[in-house]
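Residues or ranges marked as signal peptide by Swiss-Prot on the basis of sequence analysis: 1-22. The region 'Framework-1' annotation in Swiss-Prot covers 23-45 and is backed by similarity to another entry. Annotated domain 'Ig-like' per Swiss-Prot: 23-117, in sequence order. What Swiss-Prot lists as disulfide bond is Cys45-Cys110, and the listing cites sequence analysis. Positions annotated as region 'Complementarity-determining-1' by Swiss-Prot, on the basis of similarity to another entry: 46-56. Summarising the annotation, Swiss-Prot assigns region 'Framework-2' to 57-71. Taken from Swiss-Prot, the feature region 'Complementarity-determining-2' applies to 72-78, supported by similarity to another entry. The annotation region 'Framework-3' is assigned in Swiss-Prot to 79-110. According to Swiss-Prot, the feature region 'Complementarity-determining-3' maps to 111-117.
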Amino acid sequence: MDMRVPAQLLGLLLLWLPGARCAIQMTQSPSSLSASVGDRVTITCRASQGIRNDLGWYQQKPGKAPKLLIYAASSLQSGVPSRFSGSGSGTDFTLTISSLQPEDFATYYCLQDYNYP
């Protein structure tokens, strides 16, 4: 599936996609955080209505295309380090980085595809 997203998505994201089932708003928190190498980092995403497990987590670095980390809420994309994990279903989802590495400093965001047009 081609999941193109604007490059300017940063920080707190309020994402919605029109579709047959009503627009679904995604709210991510925190909007920003300070962390150090070795820290455990948790980012949450809440849907305005249930989306089963139809959620992906992406990493984006400046000037680079978004990289899919987690699909179907908790499945690790091939080649992604095991320190990344995802959990949740319905409306509440979490991305966890178990031990932050220097290459992990980036923007992270969730994207639902429950009602992808």
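Glycine is treated like the rest: Cβ placed from N, Cα and C.
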| note | Secondary structure of the region 'Framework-3' (79-110) by DSSP, residue by residue, totals 3 helix, 16 strand, 13 coil
| task | Could you tell me how many residues in the region 'Framework-1' (23-45) are helical, how many are strand and how many are coil under DSSP? | result | 0 helix, 9 strand, 14 coil
| task | For the region 'Framework-3' (79-110), provide the mean pLDDT of the predicted model. | result | 97
